[in-house]
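Participant: Sharing the feature lines straight out of Swiss-Prot:
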- 41, 108, 119, 120: Mn(2+) 1 binding site (BINDING)
- 80, 108: Mn(2+) 2 binding site (BINDING)
- 124-139: motif 'Nuclear localization signal 1 (NLS1)' (MOTIF)
- 184-247: motif 'Nuclear localization signal 2 (NLS2)' (MOTIF)
């Protein structure tokens, strides 16, 4: 076929077709039928315009031999065959000079006599099927469509064929000749069958045998065959009479399609109630680290050794007291638990050799905090299916909570830069293939933008805590093991640093199923005074445990140091995902890559370097009540990363539901912005599905409030 194309068509046409295919990443040597189709289409476009001129009186005329004295202007502007950028430039300039409406898709020709764009189609199938597909795709009254087939049939908008008989006959004869030539070489059948529908992604594979019979049996009334039904569906014009068409189809269907206009959508209703509270497994912006630089002590890298070394850097310990009690808990037990940790760490130091792990004594306060013997005994269903009053124990409906400002502050903080680097370059994974040169360049640029980001610190902290907790849960099932919360980073000068955020004590952990829960008590250092936003700390009991000297611009100031204590729980599956939080880096890198790809395809070259190094350019980050927020490419990287990290830290069924359902509304709104005139049915049901996920989760509530900002600005 490739040889045939090169013999049969003018070299200029062949060259243009090759260029067009390369632009879309296709290979003329492999996709030979497509190669032939593009050449045929180009030739028809050129023949359509050949010999047609407009004379000085503005009349259309046909001139076959060139008369050098005639003042003639080409009747048709050829758009097909130019590269995309040039083609759009031509279309724009035509629209500007003639006032014709700009088409959504690139047409093939412009007719200066009739003042309209023309879409030329060449099909190996039925002309009316192809015509319907074209019309359905371009959805424009203004663009004229003219379809030719290889069998000599043609079809045009309003049966207006634009050209005279003879010019059209020339085109039909040429198409017939191409068909004969292909047939004589045994190429026609494959070429005829290879035609895809207009821009429809799914392959039209043939349905045969039983499936075909079933398909024919299950057609709606009034359709004789599957082909007949397909043609009807392809030409389905959403122009207000959908309801009528639906009612023909089935007695069961009674959806009313409502047009979706700028005034249609309302904001999402966020719940009322007390403000939502912090529910992450560890503190985020409020965390405080005790750190050692360039650790070189004995046993460096063993968590317990590192933790003791970090504890020794602080000298301001004092007698702990409760500053914000937990509403429901036995607060003195939390206080006793912290005192026990201090005492047992002291005991370790008095021993000759520090052990690698530390199991806490099973005191009454720890048994209480870790819910020892509290959970109802789990019994195998087989052993109790005969029990008459078997039931699931009651659980309360969750209480609705309102959005609180702290979660937006948490998110803003997560996007900020810290003064340490939390990942090395290879954290995102190595190249697999040599072709990955561009990929590694992108990865390195991206890593440079996010390595100092606070969200990256949260990733490493999350990975560490979940790994340590899962290890201990498997290795010391019955023990109340003390697990230091540690992270490692590098300072600006490249010095290594080990940080201690606090401790976890894990409860009994006989985890048979993925969802079996292990309880733990977390105790985390902080300088945040809980009395500023008490609602955020509903689940915590907070102690004041020391005073810390801080260097500030005005000299040294002493600030109280707090310990945030709470009981919490997690499961094997949650810890497994927590250990894989580095995936967030990959997810946000891929989002950035798709932005670069989009730029590169417009500019027809790889834009990675310009993308990251052009510091003056700003990019859209997201909607806020103030409007569209913009920022540097680094800010975009960090914001995308923070979103991905928060999806992991605040993962919940509410988030799953909200993401899935709100996406549907988002797509409709985007269709409206793109002037695609969307229609909807049961919009109320969609709102209900979205709003039933807005209960009490801070991250979901924040996303819903962002969604409302987006709606406001999108529909202005």
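Using the three backbone atoms N, Cα and C, a Cβ is placed for every residue, glycine included.
Bear in mind that the values here come from a model prediction, so they are computed numbers and not experimental data.
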Participant: Neighbourhood of the Mn(2+) 1 site (41, 108, 119, 120): other residues with Cβ within 8 Å of the Cβ centroid, in order?
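Facilitator: Here the nearby residues are 44, 45, 80, 107, 109, 118, 121, 122, 146.
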Participant: What count of other C-beta atoms do you get within 10 angstroms of the C-beta of residue 80 (Mn(2+) 2 binding site), across all chains shown?
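Facilitator: The answer is 22 other Cβ atoms.
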Participant: Cβ-Cβ under 8 Å from residue 119 (Mn(2+) 1 binding site), same chain, 6 or more residues apart: which ones?
Facilitator: 105, 107, 108, 134, 138, 143, 144, 145, 146
Participant: Relative to the Cβ of residue 41 (Mn(2+) 1 binding site), which residues of the same chain, six or more apart in sequence, are found under 8 Å away?
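Facilitator: Those within reach of residue 41 (Mn(2+) 1 binding site), by Cβ under 8 Å and sequence separation of 6 or more, are 80, 108, 120, 122.
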Participant: Kindly state the mean pLDDT of the motif 'Nuclear localization signal 1 (NLS1)' (124-139) in the predicted structure.
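Facilitator: Mean pLDDT, the motif 'Nuclear localization signal 1 (NLS1)' (124-139): 86.
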Participant: Could you say whether, by DSSP, residue 41 (Mn(2+) 1 binding site) belongs to a helix, a strand or a coil region?
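Facilitator: Once the DSSP labels are grouped into three classes, residue 41 (Mn(2+) 1 binding site) ends up as helix.
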Participant: Through the lens of DSSP with three states only, how would you label residue 80 (Mn(2+) 2 binding site)?
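Facilitator: Looking at the DSSP assignment, residue 80 (Mn(2+) 2 binding site) belongs to neither helix nor strand, so coil.
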Participant: Where DSSP helix means H, G or I and strand means E or B, what are the helix, strand and coil counts for the motif 'Nuclear localization signal 1 (NLS1)' (124-139)?
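Facilitator: Secondary-structure breakdown of the motif 'Nuclear localization signal 1 (NLS1)' (124-139): 12 helix, 0 strand, 4 coil.
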Participant: Measure from the Cβ of residue 120 (Mn(2+) 1 binding site) and count the other Cβ atoms within 10 Å, all protein chains considered.
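Facilitator: Cβ-Cβ neighbours of residue 120 (Mn(2+) 1 binding site) within 10 Å number 22.
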